[in-house]
Amino acid sequence: MVLVQESLILGIETSCDETAAAIVRNGKEILSNIVNSQIDIHQQFGGVVPEVASRKHIENIAGVVHRAFSEAQLAYSAIDAVAVTNRPGLVGALLVGVSFAKAFAYALEKPLIAVNHLHGHIYANFLEHRDIEFPAICLVVSGGHTSLLLMSNPNKMEVLGETRDDAAGEAFDKVARFLGLGYPGGPAIQEAATKGKAGQLQLPRVFLDRNDFEFSFSGLKTAAMNQWNKLQRRGQANVFDMAAEFQAALVEVLVEKSIKAAAKYQVRTIMMAGGVAANQELRNLMKKRTKEAGLKLFYPSLKLCTDNAAMVAANAHYHYGNRSFAPLSLNAYPSLLSL
């Protein structure tokens, strides 16, 4: 494998409700990173409405890309390639980014690069950390996915385990909804948890006693819902304690599974990625446990944990080095296909 060290790549991200474009040099230096969020629009619905998200992407994509070039002070022709998230995500939303990227690449006669959204989250770490040692365990936690991977090097990864039902971020959203905390659920539960105390209630640590690296958060969500309904009937419901206990139960499983994976595969590095990696309780407990185990820990800054296009361009740098280009017939896929 020959890795080209020099690249200037436009990244485009429209997998959910952020319209994003960024220009990154050599997979590490962010020249621009524009994100147009739709959170305010979808809050009134209690979650992302796919049709609305797609229409807003159509309205925003051209302007967001133009702003990325303007902020980077570059002409369109200066880039070496166009990269776009084409899986997984909301298919209508993905199609907006993919269609724009294909047309843009064709017009500029530049190569097109397809990026897996979850790979993008992982490579957000490379934008801010230069000393990541491999092999590494990577915990990817987002609204739609929860996976534990073994990365042998920046170009090779193996899935060790995934969620069998709800993703961590999805569980946060659903629990926040029935607690009346609003959307998005992760930040809402994190805020409520600061006013409560974990341990006042007892929620299960699902799959924690298993020797594999699978996850399941549907049972935790259901247990929280059942306890909440009982407490409400008794007039003993405390939303802050419930938020704290739910967050603690979910975070403990994520952290301990990661530590066990590092021990089994004799790895000295753990990376975290994805929107849920912004959770402060997760960061704090992972810091504590990796320090106790003598492991190195890496995670992106808060602005790079959530969906953005800089991470897409960062991942695309490695595809560019391998000359792994996509045809102009590239399609969008809602499912992961293969990680």
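Don't overthink the numbers, they just go from 1 along the chain as shown.
Here the Cβ of each residue, glycine as well, is placed from N, Cα and C on the backbone.
Checking the candidates GLY161, GLY186, GLY294 against Swiss-Prot: the one annotated together with VAL140, VAL141, SER142, GLY143, GLY144, ASP173, ASN279 at the substrate site is GLY186. Among ASP241, ASP307, the residue that Swiss-Prot places alongside HIS117, HIS121 at the Fe cation binding site is ASP307.
Taking only the Cα positions, the spacing between VAL141 (substrate binding site) and ASP307 (Fe cation binding site) is 12 angstrom. Annotation for HIS117 (Fe cation binding site): same-chain Cβ neighbours under 8 Å, separated by at least 6 residues, are GLU13, SER15, THR85, ARG87, PRO88, GLY89, ASP307. Proximity of GLY186 (substrate binding site) to non-local residues of its own chain (separation of 6 or more, Cβ distance below 8 Å) is seen for GLY169, PHE172, ASP173, ALA176, GLY275, VAL276, ALA278, ASN279, given in sequence order.
Around GLY144 (substrate binding site), the same-chain residues at least 6 positions away in sequence with a Cβ under 8 Å from its Cβ are CYS16, PRO88, GLY89, ALA167, GLY169, GLU170. A helical conformation is recorded for HIS121 (Fe cation binding site) in the three-state DSSP classification. Packing around VAL140 (substrate binding site) is summarised by its Cβ count: 26 other Cβ atoms lie within 10 angstroms of its Cβ, all protein chains included. Spanning the residues VAL140, VAL141, SER142, GLY143, GLY144, ASP173, GLY186, ASN279 that the record associates with binding substrate, the maximal Cα-Cα distance equals 17 Å.
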